């Protein structure tokens, strides 16, 4: 059992999804919720167990069907991938918990779909084979298509149609890229590709370059990098909040793939093709931050604002990834975990706030006061401080770290200026949004305290349900916990990043050490 | 053979791209289908084209690479599922939005012409 541990974060959600489709779970709502929460908790615990095992025994390579590395498909559980598997399992669990308040019944098959999405995301993080990566991308995409339609209206259908068409074209490009790379290299095992790419000669180099850059286009589409980011704000704002929170991990799958492919395959050892896209990516990442900032300032409602915050975080992450040093990558890993948790928390909070404000919903204007200002306000304050990056929460540590990591790079001053202005703009926009939503009321129109009888006004239905607040608190608690345990976490991130950059170790591990 | 093969892949891709750039969902879905056909053909050729060669050992003197065939099979299955989904989604969009435009609304110029 223990040697199959690295495959369990993929197998368990698949099993859970299938079981949840079957009669006892399919018919009764309470059984379905119970089974779904149990399974997601189990997936999370197994992911944590895998993380601990990797910490103790070093990275694991699992050859599926015992076909060894260059021929069969391998799953690589190293510190980076297991950390992200834990993150996605946690996010899946929180979203399922949140949906148990009643949102899961707005459409059919919510629970199985979430498990399938977690399956796809975990698979994409763990796999060491490029074609297998494509398959897991498709698994997570088709689950995300269906989840996006969950409980939706006209607006959602339009956003979903555009999202699906965009991603289908992306999948076609992905396949063409894989075809080109396979035609040149004769392998799609990532470690084997990394080894063979430096041996290419003549025209094959250009073919490999085409393949690699096409891959980059696909990953940039998933990650929502600048010219390909237009789908994101509409999609995230149209999705049901817990689905949007779950989608917070999906852009990170794109960033993770860029990290893997461009550090391992097209990294230092790639001969002529080493760091071929670095300059492009760096400026595109900066432009993405700028665009996200403009979007944040222009947002009319909370969900759009958070969706634009996601774009800023993607830009920041990609900028860090292109620097290609251990320090930058470790900062990226820390920032990735932080930004995923915080944006997911904000999506859920925006929903809770929107529900209590009646007609104005989550639009950033004066309206009906929130029924539970203390509870939601404190949660929002913590999440906002974390996302802005003010001390003492995790955002601040991430920000200092990433500024430090970029200090010695060529264009660091451009990055510093842009990033700090962006932070200021985010501070301004989020503070304005928070104060408008919580303090400006239509009835009295001033910053007075909300009327005392307000709690009785709101109906029971709109009040935050215990499972919802538990889900939000799990995510919001991430920010203080990540700054409290910043020491061990940053050590972990540095370890994961140094393993990511250790070319020979990776090759040996995957091609020779496959058990 | 290579020229014919490459030309047909190219033709399918260009038709697909042209159709995807149309504004109504039906041509877009057709375009996506054509693009996926082109991709399948392309993937198949990544193991190099050869005649009379088997993928099973001991069946012929020359061997073809079996892996691209497995890729194509996977890609066909996934592409089929995705096409089915996008067809259903377009029908739903036609019902929900009242028109079959990808943007969800009929462009202004068309309205004026009708009037």
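We count from 1, first residue shown onward.
Cβ from N, Cα, C; glycine included.
Sequence annotations record features per position, and here TrEMBL assigns domain 'NADH:quinone oxidoreductase/Mrp antiporter transmembrane' to A:129-416.
Residues 32, 35-36, 39-40, 42-43, 46-47, 50, 60-62, 64, 75, 77, 85, 89, 92, 109, 111-113, 115-116, 118-119, 122-123, 126 of the same chain lie 6+ residues outside the transmembrane segment (A:6-22) yet bring a C-beta within less than 8 angstroms of a C-beta in it. Per TrEMBL, the feature transmembrane segment maps to A:6-22 (among others).
Sequence-distant contacts of the transmembrane segment (A:34-52) (same chain, at least 6 residues past either end, Cβ-Cβ under 8 Å): 5-6, 8-9, 12-13, 15-16, 19-20, 25, 60, 77, 79, 82-83, 85-86, 89-90, 92-93, 96-97, 100, 111, 114-115, 118, 122. Residues or ranges marked as transmembrane segment by TrEMBL: A:34-52 (among others).
What TrEMBL lists as transmembrane segment is A:72-97 (among others). Same-chain neighbours of the transmembrane segment (A:72-97): 5-7, 9-10, 13, 36-37, 40-41, 43-44, 46-48, 50-51, 54-55, 59-66, 104, 111, 114-115, 117-118, 121-122, 125-129, 132, 189, 242-243, 245-246, 248-249, 252, 256, 259, 333, 336-337, 340-341, 344, 348, 467, 470-471, 474-475, 492, 495-497, 499-500, 509-510, 514, counting only residues six or more beyond its ends whose CB sits under 8 Å from a CB of the stretch.
For A:109-125 (among others), the entry in TrEMBL reads transmembrane segment.
Taken from TrEMBL, the feature transmembrane segment covers A:131-148 (among others). Beyond the ends of the transmembrane segment (A:131-148), by six or more residues, the same chain brings 73, 109-110, 113-114, 116-117, 119-121, 123-124, 156, 159-160, 163-164, 167, 171, 174-175, 178, 182, 188, 222, 235, 238-240, 243, 246-247, 250, 253, 257 to within a C-beta distance below 8 angstroms of the stretch.
Non-local neighbours of the transmembrane segment (A:160-185) in the same chain are 130-131, 134, 137-138, 141, 145, 148-149, 152, 192-193, 196-197, 200, 204, 207-208, 210-212, 214-215, 217-218, 221-222, 231, 234-235, 238; each lies 6+ residues outside the stretch with a CB under 8 Å from one of its CB atoms. The feature transmembrane segment is assigned by TrEMBL to A:160-185 (among others).
Sequence annotations record features per position, and here TrEMBL assigns transmembrane segment to A:205-225 (among others). If one looks beyond the transmembrane segment (A:205-225) by at least 6 residues along the same chain, the residues whose Cβ comes under 8 Å of a Cβ in the stretch are 137, 166-167, 170-171, 173-174, 176-178, 180-181, 183-185, 197, 231-232, 250-255, 257-258, 261-262, 265-266, 271-273, 276-277, 281, 284-285, 288, 310-311, 314-315, 317-318.
Marked as transmembrane segment by TrEMBL: A:279-298 (among others). Tertiary neighbourhood of the transmembrane segment (A:279-298): same-chain residues 216, 220, 224-227, 229, 233, 258, 262, 304-305, 307-312, 314-319, 321-322, 411, 414-415, 418-419, 421-422, 425-426, 428-430, selected by CB-CB distance under 8 Å and a gap of 6+ residues from either end.
Positions annotated as transmembrane segment by TrEMBL: A:305-326 (among others).
TrEMBL lists A:332-353 (among others) with the feature transmembrane segment.
Using a Cβ-Cβ cut-off under 8 Å and counting only residues 6 or more beyond its ends in the same chain, the transmembrane segment (A:413-431) has close neighbours at 286, 289-290, 292-293, 296-297, 299, 305, 309, 312, 316, 319, 384, 387-390, 399, 402-403, 406. Residues or ranges marked as transmembrane segment in TrEMBL: A:413-431 (among others).
Taken from TrEMBL, the feature transmembrane segment applies to A:467-486 (among others).
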Near the transmembrane segment (A:332-353), which same-chain residues lie under 8 Å Cβ to Cβ, leaving out any that are not at least 6 residues past its ends?
-> 80, 83-84, 87, 91, 94-95, 98, 236, 241-242, 244-246, 248-249, 252, 255-256, 259, 302-303, 306, 309-310, 313, 316-317, 320-321, 362, 370, 376, 379-380, 383-384, 386-387, 394-395, 397-398, 401-402, 437, 464, 468, 471-472, 475-476, 478-479, 482, 489-490, 493, 496-497
